[in-house]
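Enquirer: I have a structure I would like to understand better, so I am pasting it below and will then ask my questions one at a time.
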Ligand code: 16G
Ligand code: MG
């Protein structure tokens, strides 16, 4: 607790006037925040927004932001009856000199969107006084009782700036009096979300518990594979020189039935996300560094920097240069959907009553959407960003969501899970129906229910391929992607683009959608849309058509339209 007398005179008189007019926060609490915020002045001319996935910026600019998100996390914990909240320091697939911070709600999901405006306000408060004043108002409005003390678990990825930023987060958390900051170390983002969820459910919630859960459920699925189909070949993993490859090294030690060679662990001089990782491979469709002609035909996978994205690829024998055949989030989703549907079919009429649905974004390749629809599944579209997909997937008994970029998971509703567990007792052990039900229960344990997780996603892909007796090439044949192209356009103000909720049509600037539609009409199987990025100062353009040449040309003409409507910067 900070004594009032240790404050500078000016601050102390401000404090006095503030506490006279507003009574919800104690003087000592106000003093605590005023004092600690003096340590973290906001850099000049920085305007931050919580965005699609938390705050991100050059790491040198972020101490004050992380400190303030520490305060927010304590308040969030207090608001939710002192449940544990997670704070993750990562900038995912962004360059190593960047960093970022985001909050995991006690459910293990993303911070409630209702709190994002408050996050933006405090991150941009220009002085300690403004900060305190905003917090005071918010605490009153949300009726947060500070006296109990909150709990925040702090995780970080392998970025060199992570440790320094974590110290700022700790000070932020503890400046809310009575709140506790627990440093849970270097983790992948999904590990932290999983641990927070487990902790609040009263389950074992350490990192070893996370690994143990993966190992047990993976083994259970392996044991349920019809023996004659078993096939194990080496998987080559690109760890993006980040935390995911390092965690996979640990996990690999506990697993049998998985042969994985890990490259780009960050220990061999490679730079985080530089020419490596899921974002690079998915966007560029070329091999990551450390892979080459010697890997032709091998099953390969890439994680992103914080291991919440997963894509697969292989180098075809006829590959010219460094091109890969990509199996993106849509293909992973299709594989998962197929496997789950197969289990439900085995269960029979009762299984068919399960509402199995798929959530995609406008970026999903049209061929994948057709494929899952032909399987008889319901498909819904959500806005880009995990929080939006997750919310929609919760509407189903089993909701599978994926972004094309490789972020996704499978959600099982509580009621469907208890139904499954009940059926495990009803059916005789060793019967087909019993096996199918047991597989679904094991999938629900293996796959991260909090958020998309490259480690658990990889294990599920691997076990399904073994179950089917499929090579990566065979899996790729589920459907053929329509050629597509993504480009980005730098504009003076990306917020001038306003889209419909599914992001398939632009409502503003007026007239641009008609112009885009006119372009689309010129191409067979043409589809295109624009949206403002949530993470970069650009407008993104996506185009699809029946040939690569057409997709490129459509993307370029739409990009030209963006420039002519918005001007280029
Ligand atoms: C963030 C999102 C990702 C989304 C991407 C879009 C999370 C955890 N991550 O990385 O889901 O696809 O932003 O970026 O939500 P953009 O808005 O710049 O296109
Ligand atoms: Mg990521």
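Heads up, the Cβ atoms here are built off N, Cα and C, so glycines get one too.
The domain 'Alpha-D-phosphohexomutase alpha/beta/alpha' annotation in TrEMBL covers 83-116, 142-200. The feature Mg(2+) binding site is assigned by TrEMBL to 92, 304, 306, 308. Residues or ranges marked as active site, phosphoserine intermediate in TrEMBL: 92. Feature annotation from TrEMBL assigns domain 'Phosphoacetylglucosamine mutase AMG1' to 205-311, 328-470. Here TrEMBL flags 403, 404, 405, 531, 532, 533, 534, 535, 540 as substrate binding site. According to TrEMBL, the domain 'Alpha-D-phosphohexomutase C-terminal' annotation covers 488-560.
Any idea what these are sitting next to in the structure?
Expert: On the 0 to 100 pLDDT scale, the model's mean across the domain 'Alpha-D-phosphohexomutase alpha/beta/alpha' (83-116) is 97.
Mapped onto three states, the DSSP output places residue 306 (Mg(2+) binding site) in coil.
The local packing around residue 92 (Mg(2+) binding site), expressed as other Cβ atoms within 10 Å of its Cβ over all shown chains, amounts to 28. DSSP assigns residue 92 (Mg(2+) binding site) to coil in the three-state reduction, placing it in neither a helix nor a strand.
Around the Cβ of residue 540 (substrate binding site), the same chain contributes 486, 487, 488, 489, 530, 531, 532, 533, each under 8 angstroms and 6 or more positions distant in sequence.
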Enquirer: Count the other Cβ atoms sitting within 10 Å of the Cβ of residue 532 (substrate binding site), across every protein chain shown.
Expert: 20
Enquirer: Quick one: which residues besides 92, 304, 306, 308 have a Cβ within 8 Å of the Mg(2+) site's Cβ centroid, in sequence order?
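Expert: So the extra residues in range turn out to be 90, 93, 157, 188, 189, 242, 244, 278, 303, 305, 307, 309, 407, 454.
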Enquirer: Looking only at Cβ atoms, how many others are within 10 Å of the one on residue 308 (Mg(2+) binding site)?
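Expert: There are 31 such Cβ atoms around residue 308 (Mg(2+) binding site).
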Enquirer: Fill in the CA-CA distance, residue 403 (substrate binding site) to residue 308 (Mg(2+) binding site), as an integer in Å.
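Expert: Per the Cα atoms, residue 403 (substrate binding site) and residue 308 (Mg(2+) binding site) stand 11 Å apart.
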Enquirer: Quick check: in three-state DSSP terms, what is residue 534 (substrate binding site)?
Expert: coil
